[in-house]
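Report on one structure; see the data block that follows.
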Amino acid sequence: MTAPSQVLKIRRPDDWHLHLRDGDMLKTVVPYTSEIYGRAIVMPNLAPPVTTVEAAVAYRQRILDAVPAGHNFTPLMTCYLTDSLDPNELERGFNEGVFTAAKLYPANATTNSSHGVTSIDAIMPVLERMEKIGMPLLVHGEVTHADIDIFDREAHFIESVMEPLRQRLTALKVVFEHITTKDAADYVHDGNERLAATITPQHLMFNRNHMLVGGVRPHLYCLPILKRNIHQQALRELVASGFNRVFLGTDSAPHARHRKESSCGCAGCFNAPTALGSYATVFEEMNALQHFEAFCSVNGPQFYGLPVNDTFIELVREEQQVAESIALTDDTLVPFLAGETVRWSVKQ
């Protein structure tokens, strides 16, 4: 039996789902991504959201200004879909290379999504335009009806929104983001070449027991919420199979500690510092390291029609302890796996 590999050399990865926030928070978190990833799809759920070409250009510049010298990083901007969005603005941004994709948040599904879409019909002209110009739609796939249990919202979304939408707009490219259920894993696996998915490290590593048994762990609380272990296992099996329409999307979502550790805590895991090593650990546990590079660095560009990165990075298999916290101007940020010993990390 061969000893496990101590170094993994892979083509530089991309993060196809990332929150960078703004202001001081942005300046703090950007380097954790720009150090490792060549590109990242940046979420538009600021307050106010990014709904115009002008706003996206300005936000992109703020991100680039926060990238340390020596990092070669390209933020890929997205447009936040609203009921009142002008299709011409969206097309202009796409044609000018400002918008890479557009993001569909059902109204009030997650952080800063109150401006989101109230119904698919309300944005049908926009979606039809996206289908025509080949612009990908990124979907937070949960229904938000009060009568639907939070653990069932993704499965309901497939049936009531996603499938009717894809039947109606058969040429639309769709990324089902941060999938968390066996239902979604099966749906994407059985779909055609115009449907892909991202998966976060926390949904591969943990299930709802980890978050709730023996005490509530607020730093594992994110949306979509962690599900049962059968769903976690389905996600792990999907990535381990080498399926090529699933790719890395951390959904790294920083919140200051006092906003996570409170009587009404915010959803989101700040996993940018530890995500890549976490994914490597999962692939190793599943005896699937041969598919790790494709998941991180090839499948995403392939789906988006972009070139793969031409530089490489190395991960090293040696135990390291994750920092307990990261300083902010007037608070701290608790990273995913804070204080824990991890098996894989990016070689500095």
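FYI, residue positions are counted from 1 along the chain as it appears here.
Backbone N, Cα and C define each Cβ position, glycine as well.
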Can you find which of His210, His255, His258 Swiss-Prot lists as binding substrate at the same site as His19, Leu20, Arg21, Asn45, His140, Leu223, Ala267?
His255
Swiss-Prot annotation, Zn(2+) 2 site containing His140, His178 - matching residue among Lys103, Lys227:
Lys103
Determine which of Asp186, Asp190, Asp251 appears in Swiss-Prot for the same Zn(2+) 1 site as His17, His19, Lys103.
Asp251
All-chain count of other Cβ atoms within 10 Å of His178 (Zn(2+) 2 binding site):
26
For the recorded Zn(2+) 1 site formed by His17, His19, Lys103, Asp251, which further same-chain residues have Cβ atoms within 8 Å of the site's Cβ center?
Leu18, Ile41, Val42, Met43, Asn45, Leu138, Glu177, His178, Gly249, Ala253
Integer Cα-Cα distance in angstrom, Asp251 (Zn(2+) 1 binding site) to His178 (Zn(2+) 2 binding site):
7
Cα-Cα distance linking His178 (Zn(2+) 2 binding site) and His19 (Zn(2+) 1 binding site), given in Å to the nearest integer:
13
In the same chain, outside Lys103, His140, His178, whose C-beta lies within 8 angstroms of the Cβ mean position for the Zn(2+) 2 site?
His17, Met43, Leu104, Tyr105, Thr110, Leu138, Val139, Gly141, Glu177, Asp251
For Lys103 (Zn(2+) 1 binding site), just count the other CB atoms lying within 10 A of its CB, please.
27
Rounded inter-Cα distance in Å - Lys103 (Zn(2+) 1 binding site), His140 (Zn(2+) 2 binding site):
8
